[in-house]
Amino acid sequence: MIRSVVRGFGAALPKRVVTNRELEETVDTSDEWIVQRTGIRQRYVAGEGETTASLGAEAAQNALDNAGLTVADIDLIICATSTPDNTFPATAVNIQNRLGMHHGFAFDLQAVCSGFVFAMSTADLHIRCGMAKRVLVIGAETFSRILDWTDRTTCVLFGDGAGALVLEAMECEGSDTDRGVLTSQLRSDGAHKDKLFVDGGPSTTGTVGHLRMEGREVFKHAVGMITDVIEAAFTATGTTAADIDWLVPHQANRRIIDASAKKLGIPLEKVVVTVDLHGNTSAASIPLALSVAAADGRIKQGDLVMLEAMGGGFTWGAVLLRW
Ligand code: UT7
């Protein structure tokens with residue numbers, strides 16, 4: 001059977017780093033509170049000329065270079081984002097153009113913080129159905145542009161950045177020892193809309209709006225939803241927590257990450273954590289974390305890697321793949 005195998009990875013971050021101490025000067029918060037409650041120590045914030053598309057294109061080019069490929073080898077670009085450069089056209093076609101690619105097709109996918117997991121699943125389906133041989137899967141965000149910088153309950157949590165993978169079709173045996181995506185488990189429930197949303201949009205206010213979140217309410221649901229989809233991925237593939245080499249979670253909050261790993265029985269040494277460096281970069285957080293852990297040699301070819309995310313919607317999901 002055909003599997004979607006990771007051929008390359010890449011990342012991009014804005015130039016400017018904003019530390020917790022810097023935020024103490026503008027809102028009523030403290031480095032101690034932010035570190036204790038979230039694990040975040042700093043985040044990157046896009047400056048002039050840096051946009052979701054510019055960061056996404058840089059991450060995508062780095063992934064192509066890492067794969068030893070050019071855009072000529074790519075059939076499809078999927079960009080997961082909730083902070084597009086424009087309402088339309090899609091950021092993915094903007095990235096396509098920035099990369100100098102004028103063939104194939106490109107589209108955005110919006111599932112907020114679960115966007116990269118949904119995009120991986122969508123790319124995998126296109127590859128397995130034969131619609132594409134190689135796909136650039138990008139998570140790119142500039143959440144700094146939709147934050148209310150006077151609201152301490154949200155503005156300290158998020159950051160900007162982008163990450164990308166090149167997925168490639170490969171003929172495999174059809175067993176769980178294959179490389180590539182082994183299963184995707186996706187869920188959503190719009191009943192939770194009011195717990196995490198943006199209070200604007202083209203069809204309502206005609207404005208971009210600001211992110212609003214009832215953090216405690218989101219937190220309450222997170223661990224159960226994350227562990228449910230991971231258990232479903234284990235069941236679908238006949239694998240167990242003991243088989244996992246790396247858990248690469250969405251990086252929203254260190255306490256959610258630790259509690260989920262503990263509930264699943266995955267030791268913390270096998271969990272990739274970058275929330276301290278990047279903050280919550282929504283759809284970009286998983287490919288950024290993957291790029292860090294693959295670049296420093298932790299994630300190696302043949303490793304079993306579990307990706308998971310939960311976010312606005314609510315949306316949540318897991319992808320199990322062998323690197
Ligand atoms: O990526 C999408 C999914 N999003 C998430 O996963 C986020 C989930 N939620 C969380 O990570 C946590 O709920 C937060 C980090 C947002 C908040 O942590 P918490 O432990 O749930 O704190 P809390 O909301 O219960 O607030 C505790 C206290 C409150 O004060 P009172 O009412 O106890 O006096 C807040 O006003 O902390 C206060 N507080 C702050 N204090 C200093 C809230 N934000 C801040 C702040 N600095 N930035």
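The backbone N, Cα and C atoms fix where each Cβ goes, and this holds for glycine too.
Cross-referencing 26-30, 191-195, 251-255 with TrEMBL places the feature region 'ACP-binding' at 251-255. Within 10 Å of the C-beta atom of Cys113 (active site) sit 32 other C-beta atoms, taking all shown protein chains into account.
Residue counts of the domain 'Beta-ketoacyl-[acyl-carrier-protein] synthase III N-terminal' (107-190) by helix, strand and coil are 26 helix, 34 strand, 24 coil (DSSP-based). On a Cα basis, His250 (active site) lies 8 Å away from Asn280 (active site).
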